[in-house]
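This report concerns only the one structure given below.
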Amino acid sequence: MAFEEKQAWALAVIAVAGYALYVVLVLTGAAGRPLVDAPYVTPLLWTIGLGIVAGIVSGIWFGIAARDDGLQADERDREIGRFGDHVGQSFVVIGGVSAMALAVVEAPYFWIANVLYLSFVLSAVLGSLAKIALYRRGMA
Amino acid sequence: MKPTKVTNSIRALRFARDEMKQADLAAAVGVTRQTLIAIEQGKYSPSLEVAFKIARVFGVSLEEVFQYPEEE
């Protein structure tokens, strides 16, 4: 498996796991109250922070594991990377527009923050899945 | 995704070269082994530069490595 494909798998898993943890923490924190009253800022910041750290650590880990493999990325990896980033970018835009719409109607901060977080997660997961699909099925 | 219409003779050329390993060819060309495998299997069409480098390693013309069959 290519170094960059391992990275894509790691990013997808980290993003899903981090968001799942966040959802569980917010739902348990709500404790029967309306969701908008649930404490979400601390779980949000922690899961985003841990996700970033986990992404860096996994990159270092795979880098060390592949240190004797010679070249780790080439023109194909860069093409696949650009395509995956393009797919992921579209979800960031959708999230930004959704957050703007929520702000215009003066929706609670809870929903604005959460729609942005969800768009980041979808961007990471679907961008990574697009890369994995190209690695597996080819891009001729 | 449909496989490329471009076919190649890399596998045959490698075997004609004392069963040259994919890793050795990849290193000579400057791509990863995974990319060389994808090219050989027709899952990735390389850039012209990489295509020329592959032909140069085998000492043959580009069309002896890559072929683009006429449409039927």
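Positions of Cβ are set from backbone N, Cα and C atoms, glycine also.
Residues annotated as transmembrane segment in TrEMBL: A:9-32 (among others).
Residues annotated as transmembrane segment in TrEMBL: A:44-66 (among others). When Cβ-Cβ distances below 8 Å are used as the criterion, the transmembrane segment (A:44-66) is approached by residues 3, 6-7, 10-11, 14-15, 18-19, 21-22, 25, 72, 113, 117, 120 of the same chain, each at least six residues removed from its ends.
Residues 111-112, 115-116, 118-120, 122-124, 126-128, 130 of the same chain lie 6+ residues outside the transmembrane segment (A:87-105) yet bring a C-beta within less than 8 angstroms of a C-beta in it. According to TrEMBL, the transmembrane segment annotation covers A:87-105 (among others).
Under the heading transmembrane segment, TrEMBL lists A:111-134 (among others). Using a Cβ-Cβ cut-off under 8 Å and counting only residues 6 or more beyond its ends in the same chain, the transmembrane segment (A:111-134) has close neighbours at 4-5, 8-9, 11-12, 14-16, 18-19, 22, 36, 40-41, 44, 48, 80-81, 83-85, 87-92, 94-96, 98-99, 102-103.
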